[in-house]
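A.B. asks: Let me begin by handing over the structure; questions about it come next.
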2 protein chains.
Amino acid sequence: MTGHFFEGAEKLLEIWFATSENELGKATTHNDLRNIPRDIIEEVLSLVNCKVLKYAQSATTDTYVLSESSMFVFQTHFILKTCGETTLLHAVQPMLDLARDYCGFDIVDQIFYSRRKFLRPELQKAPHTSFEHEVAYLDSIFEGGSAYVLGRTNVDCWYLYTLDKTCVGTKSDQTLEIIMTDLDPEKMKIFYQEYTSSAAEATKKAGIDKLFPNAKIFDYLFDPCGYSMNGLLPDGHYFTIHITPEPEFSYVSFETNASYSQYQELTRKILQMFNPGKFTTTIFGGTAATSLDGQRKLFHFSDYGRVDHQIVCLVDHDLIYSYYKKHPS
Amino acid sequence: MTGHFFEGAEKLLEIWFATSENELGKATTHNDLRNIPRDIIEEVLSLVNCKVLKYAQSATTDTYVLSESSMFVFQTHFILKTCGETTLLHAVQPMLDLARDYCGFDIVDQIFYSRRKFLRPELQKAPHTSFEHEVAYLDSIFEGGSAYVLGRTNVDCWYLYTLDKTCVGTKSDQTLEIIMTDLDPEKMKIFYQEYTSSAAEATKKAGIDKLFPNAKIFDYLFDPCGYSMNGLLPDGHYFTIHITPEPEFSYVSFETNASYSQYQELTRKILQMFNPGKFTTTIFGGTAATSLDGQRKLFHFSDYGRVDHQIVCLVDHDLIYSYYKKHPS
């Protein structure tokens, strides 16, 4: 590969905090990550090589649209998702320090660091040059880290680092992530300024505004192409979409913590919206919340063959990874 | 680590063949891997750096106890398991050639190459210096190879290479493998010539002769320590045990293709026999044969915590990987 390239594949970090100050690690209003001043958050983001493009708040969530993807800050956890050649893991130690100093969070309750295999790992900066290096970096900060590889190491795969521990805080969260490649160039045209005059227009043309009719949407259309959006839903739910439309390295990601029962239908809508050649779904759920077996029978999509299907039972979560490929037409 | 060391962890290769000569790839008496002359098999084994210590035949199976582990040859598939610094993958291309020339097998129906993470990978010879190198070696021979990592890459893990294809031949086979480390030094004493005068005595003292009362056992006690056995059972079933008893790097493996319904009870007996500090179980089964869900509920062992549990759905097989650690006493 030569010429222009952009690594759409995001590094995705989620850290949950607790405090030993209060019974059972329950957080009080003092224990709130949203107490960290916004300019301090922006300083941390500059270490990662990200700028804030849009910022908004709801009763439960601070949301940032970034020059490279997104950040969400909740009371006891945050999500940072950055693409391109960003150095996301440089945010880990500063965020631990800020969570302790500003919010009294002295316990890291859980961490999830994940990403897809990069298209061009040789362009990444340390410690992101290999999963091995990323794991060594995280192992130098955390005890009891567990590193997993899902999918096929010689084809497409997805990496996860998490802590082998029982969480003291909330366990009821769930996440669906859909990572798509080889996207339909016709569908991708929407995300070029040449064809679409504003982020709001792109959101509408693609039908993103109809995914969750009650969402507050914060969107951004890049010059000359590319798109990011954060959507805030009631009850601390969110969704976020990031689009790298160039046909040579097209990439779209969708992520939400909406309730599990919506995942089948959401996935159908997303596939219709972007028509990818290949995609992976990763679902995290509390072991009680997810019925793995129903899961295995559901999640068949008529135009796609499920090439890989793996289930990982973690301490407090089950993880379901599937890789789909479009049937030859 | 310094001084004497032996890598007990085996490389495990299983290749299934079929033929395009006959309808549906069904094998005839001409299509039989046991037609390959024994001295030719020994030549291939010398490429791997293994010698034959014992050889025997049953109606269904040729069995070899090797200087480093075991070989089993059946009509349409063979199993080669070699430990230490052997170069098992050097046997792949020669075996494909022999299967074609002596048995008319022109189709590789399926391959399984697997191993645990080595204790000392730096002592291995190419292409076994890393899983990445092994995968590249296999990818140069096979199309559609899929490489998986089960367990935690930064702690203990287990590697698998297999072909992403529907088999034309038999699909009804199943396998249980138990890989044990940190073994009870008292139990391991049996496998030293200092304490035990013959292989037969070791087999009896450990109770290996009682695992399958109808087995024909071929066993070997190494000088000064170490033990290998192959057991032939009716209907092409087998079991095999390999023991590296030295406390600094103790390792025991058990493997069988006996029927799935026996696995829970067999695992209990094996744990009682060797009392490992840690062990993994890997179970391969036809997707119809294994009830994954029953599986998840079963296979709890009172002295052990299940640290990892993963399920991989392959084209014709389900694979269940579990990693157990003894509770602190």
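Glycine is treated like the rest: Cβ placed from N, Cα and C.
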A.B. asks: Name the residue, out of A:PHE6, A:PHE131, A:PHE142, that TrEMBL lists for the same substrate site as A:GLU68, A:PHE222, A:GLU246, please.
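C.D. replies: Answer, per TrEMBL (substrate site with A:GLU68, A:PHE222, A:GLU246), from A:PHE6, A:PHE131, A:PHE142: A:PHE6.
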A.B. asks: Filter the recorded positions A:GLU68, A:SER69, A:HIS242: retain a residue only if its CB is under 8 A from a CB of chain B. Output in sequence order; output 'none' if empty.
C.D. replies: none
A.B. asks: Name the one residue among A:CYS83, A:SER228, A:HIS242 whose Cα is closest in three-dimensional space to that of A:PHE6 (substrate binding site); these are the active-site residues.
C.D. replies: A:CYS83
A.B. asks: When DSSP states are folded down to helix, strand and coil, where does A:SER69 (active site, schiff-base intermediate with substrate) land?
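C.D. replies: Its secondary structure by DSSP: strand.
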A.B. asks: Using a 10 Å radius around its CB, how many other CB atoms surround A:HIS242 (active site, proton acceptor)?
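C.D. replies: Result for A:HIS242 (active site, proton acceptor): 26 other Cβ atoms within 10 Å.
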A.B. asks: Per the record, substrate is bound by A:PHE6, A:GLU68, A:PHE222, A:GLU246: how many Å separate the farthest pair of Cα atoms?
C.D. replies: 16
A.B. asks: Cα within 10 Å of A:PHE222 (substrate binding site) is the criterion; apply it to the active-site residues A:SER69, A:SER228, A:HIS242 and give the hits in sequence order.
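C.D. replies: Passing the 10 Å Cα cut: A:SER228.
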A.B. asks: Would you list, in sequence order, the residues of this chain other than A:PHE6, A:GLU68, A:PHE222, A:GLU246 that have their CB within 8 A of the centroid of the site's CB atoms, where the site is the one recorded for substrate?
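C.D. replies: My list of surrounding residues reads A:GLY8, A:CYS83, A:GLY84, A:CYS225, A:GLY226, A:THR244.
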A.B. asks: Tell me which residues of the chain lie with their Cβ under 8 angstroms from that of A:SER69 (active site, schiff-base intermediate with substrate), as long as they are six or more apart in sequence?
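C.D. replies: Result: A:GLU10, A:CYS50, A:LYS81, A:THR82, A:CYS83, A:SER228, A:THR240, A:HIS242.
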A.B. asks: Do you know which of the binding-site residues A:GLU68, A:GLU246 has the most other C-beta atoms within 10 angstroms of its C-beta?
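C.D. replies: Highest number of other Cβ atoms within 10 Å: A:GLU68.
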